[in-house]
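J.: Below is the structure I would like to discuss, written out as structure tokens.
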Amino acid sequence: MAATKDRQLFRHLLRLSRFDRYNPLFTTFAGLWSTLLAGGAKMAEQRSDMSVATVFQQCALCFVASYLFCGAGMVWNDWIDRDIDANVARTKERPLASGKVTATEAMVWMVLQAALSWGVLEVMLDGKDVAKHFIPVAAASVLYPFGKRSLARMLGIYPQYILAFTIAWPAVIGRAAIYGQYESYAETLRQCLPLCTMVFFWTIYLNTAYSYQDVVDDRKLGVNSFYNIAGKHIHLLLVALVSPILVCLPIYLFELHSLWLWLSWMGVWTASLAQQLVQFDPKQPASGGSIHRSNFILGIWTILACVVQVFLTGSA
């Protein structure tokens, strides 16, 4: 009986971290892209001892660190929002909102995941600047649920800003996994700025479309969300958010000198984003969910494109 209850609790904890869904994988994309392409660039340098195996090893560590920390962030979000979630149709069955997991159990689970994520970063970065890479995303994750409150809206702060930062930040960690021992923290930030900016706006775009599914319930409860800034012009807002994506991505790709990436990343993303904007229907909030899924597929595709780039560099 006790074993059965433990298994049920473990399943609920996995659900609490969204490990039963694809959403946490979004937090791994920027780190994986950055690690793979930094690894490819390092391999292309003269007298480089970087191997394909090392690149993939660092890539795996970056994935685990990001995935675990995302799980911790999901728990924190639900811990803060449990009373709100209990009154929203889409979220009322979440483990904390429904009472399947207690607040104490959730907090212990969150701390465990955050500690494991820190440990993985220690290994990946060889102990260098771990706090500098961990604290910014931790602080943003703590603030995220409060960005949905009415006070945040009055201050011009929307939760999508904070979420976008947390999803873009692993790009910095990914580059540090390859170049961290060879360049300063400030230089890593500078090199990652175009990619981070691109991912920042990409995340706001896809999350604005995704959260628009809850527009009816959110307006009843006064939940703050970025689509509020557009009013009835949500479609125009999404178009505006796509624009900086298509500006920053070429800036990042220009330094990599890869025709393959221009075709497989810039080309595919441009076509896909255009198709998404055509298919989005403001009168059908559920259409925001299809944009979310389409961008998940784009993220997976881009990982594969970056893997190919590593092998192209390794064989050159």
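Cβ coordinates come from backbone N, Cα and C, glycine included.
Copying in the features that Swiss-Prot gives for the protein in this structure:
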type	residues	note
TRANSMEM	24-44	transmembrane segment
TRANSMEM	60-80	transmembrane segment
TRANSMEM	105-125	transmembrane segment
TRANSMEM	154-174	transmembrane segment
TRANSMEM	192-212	transmembrane segment
TRANSMEM	234-254	transmembrane segment
TRANSMEM	258-278	transmembrane segment
TRANSMEM	296-316	transmembrane segment
J.: What residues in the same chain, six or more past the boundaries of the transmembrane segment (234-254), come closer than 8 Å to it by Cβ-Cβ distance?
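T.: Same-chain contacts beyond the ends: 194-195, 197-198, 201-202, 204-205, 208-209, 212, 226-227, 261-262, 265-266, 269-270, 273, 277, 280, 282, 291.
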J.: Rank 24-44, 105-125, 258-278 by Cβ pairs under 8 Å to the transmembrane segment (60-80) and hand me the top one.
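T.: The listed stretch sharing the most Cβ pairs with the transmembrane segment (60-80) is 105-125.
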J.: Can you tell me which of 24-44, 105-125, 296-316 gets the most C-beta pairs within less than 8 Å of the transmembrane segment (192-212)?
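T.: Comparing 24-44, 105-125, 296-316 against the transmembrane segment (192-212), the winner is 24-44.
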J.: Which residues, given as numbers and ranges, are at least 6 beyond the ends of the transmembrane segment (154-174) yet have a Cβ under 8 Å from it?
T.: 26-36, 38, 59, 62, 65-66, 73, 121, 124-125, 133, 136-137, 140-141, 143-145, 147-148, 188-189, 192, 195-197, 199-204, 207-208, 211, 224-226, 228-229
J.: So if I exclude everything within five residues of the ends of the transmembrane segment (24-44), which remaining residues of that chain have a CB under 8 angstroms from its CBs? That is, six or more out.
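T.: Sequence-distant neighbours of the transmembrane segment (24-44): 17-18, 50-52, 54-55, 58-59, 62-63, 65-67, 69-71, 73-74, 166-175, 177-179, 192, 195-196, 199, 203, 206, 256, 261, 296, 299-300, 302-303, 306-307, 309-310, 312-314, 316.
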